[in-house]
Amino acid sequence: MDGTPGHDDMPGQPAPSRGESLWAHAEGSISEDVILAGARERATDIGAGAVTPAVGALLCLLAKLSGGKAVAEVGTGAGVSGLWLLSGMRDDGVLTTIDIEPEHLRLARQAFAEAGIGPSRTRLISGRAQEVLTRLADASYDLVFIDADPIDQPDYVAEGVRLLRSGGVIVVHRAALGGRAGDPGARDAEVIAVREAARLIAEDERLTPALVPLGDGVLAAVRD
């Protein structure tokens, strides 16, 4: 015995639940290289959101499983999620990433260059995602990743499903909203929008969905 108090011995510090322990283990099990760490630091500096390492690893896996030749991303941030997606894509795969903030796109371009990713492998588009997505071709993407304002999730989901080829995957981050999405008493605009996006996916007979408890909730679905 070393005399160090455990969770049960520390006043005011209840032991974490099993779910909390599993989440902490999953989130702490993934390490990032110096390129990703730098992109994450820049994202923090400018207040841009970034997926957790565990969500990033999931994106890499899904990009690889889906074929990873053509991927679309809504919400570039500083390039953290883009780096993870590209790491799972084919060597000739192209990431199309959309953000309304020029500074986000600049930092993402910097991150991709630092990772040795050539300009032919990325297409960075500045603009409102609702408008840009309508210009992308039907059934042309292996994966569509949505990590943007929860209010707009229903619009992005509708367009994202249209973009998927057969066997393609749509991935929606911030599907839990810190647990509020599953709280029957929560009825604010963000919660309503996130629930509507989840309903659109659940009721689409072409999709097979699953909700993954990583980051702020990841809703993924594969198209038949």
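Using N, Cα and C of the backbone, Cβ positions are placed for all residues, glycine too.
As the structure is a computational prediction, the values presented were derived from the model and not from experiment.
Swiss-Prot names G75, V80, S81, D99, I100, H104, A129, Q130, D147, Y156 for binding S-adenosyl-L-methionine. Of V51, V55, V172, V191, the residue it gives for the same site is V51. Counting every protein chain shown, the number of other Cβ atoms lying within 10 Å of the Cβ of V51 (S-adenosyl-L-methionine binding site) is 27. Taking all protein chains in view, 33 other C-beta atoms sit within 10 angstroms of the C-beta of V80 (S-adenosyl-L-methionine binding site). DSSP gives D99 (S-adenosyl-L-methionine binding site) a strand state.
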